[in-house]
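Q: What TrEMBL shows for this protein is this:
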| type | residues | note |
| --- | --- | --- |
| TRANSMEM | 12-34 | transmembrane segment |
| TRANSMEM | 46-67 | transmembrane segment |
| TRANSMEM | 79-102 | transmembrane segment |
| TRANSMEM | 128-147 | transmembrane segment |
| TRANSMEM | 210-233 | transmembrane segment |
């Protein structure tokens with residue numbers, strides 16, 4: 001009798017752990033952006049956050065979803081990609097609204113202008129949606145045509161992983177341009193670092209394909225470089241620290 005009860009407890013505990021792990025897998029990638037979202041909404045200043053981070057994650061997760069049509073992977077990762085796409089669109093919507101509130105007298109820029117000088121710096125959230133939709137349709141059409149090619153499918157998977165590995169580089173460059181990390185959520189970067197370190201360690205322990213752990217190591221390296229920027233720019237300020245930075249200037253980071 002006691003053994004049956006013990007087995008039931010172990011079974012329930014195992015099920016609970018699997019649910020928690022599944023939830024962490026699906027929603028864990030979204031968590032780092034919560035403090036950044038709250039900071040931008042509180043200060044109405046998005047200078048410290050690069051919206052190119054959103055671009056990188058949108059492209060990476062769209063490619064990953066298309067990759068699934070040629071190379072099946074678990075449903076949890078599919079939901080992870082869908083939720084991440086939604087999260088990045090929410091971040092873009094907030095950043096666009098903040099910028100437009102400050103650029104009342106600035107000429108409006110549209111995706112349909114096809115002006116590469118203002119790529120990913122449009123005036124309306126709808127323009128970003130149009131761009132994402134256009135990319136998705138073109139990528140889906142190409143995938144449909146070449147789905148029978150194993151080389152194409154594997155290349156698509158590699159591009160998805162490699163693009164995601166470039167996640168931190170827009171933020172790294174944004175900090176370099178601003179000569180400051182003011183406005184960037186340090187909590188977000190710390191969560192990036194811990195998550196990428198765990199993920200890379202998992203890839204190494206499970207002997208995942210070389211491109212997985214190689215890209216994981218690249219992500220960790222970029223995360224550490226951003227954390228070094230936090231230390232360096234706080235220790236050796238490159239410009240006067242201002243908590244009332246003009247929104248006109250902040251829009252340039254978008």
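Glycine residues also receive a Cβ, built from the backbone N, Cα and C atoms like all the rest.
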Q: Which bits of the chain, at least 6 residues beyond where the transmembrane segment (128-147) starts or stops, bring a Cβ under 8 A of a Cβ in it?
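A: Contacts of the transmembrane segment (128-147) (Cβ under 8 Å, skipping residues fewer than 6 from its ends): 58-59, 62-63, 66, 69-70, 89, 92, 96, 111-112, 120, 122, 153, 156.
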Q: Report, as numbers and ranges, every residue of the chain located at least six residues beyond the transmembrane segment (79-102) whose Cβ falls under 8 Å of a Cβ in that stretch; write 'none' if there are none.
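A: For the transmembrane segment (79-102), the far contacts come to 25-27, 29-30, 33, 36-37, 40-41, 44-46, 49, 51, 54, 57-58, 61-62, 64-65, 122-125, 128-129, 132, 246-248, 250-251, 254.
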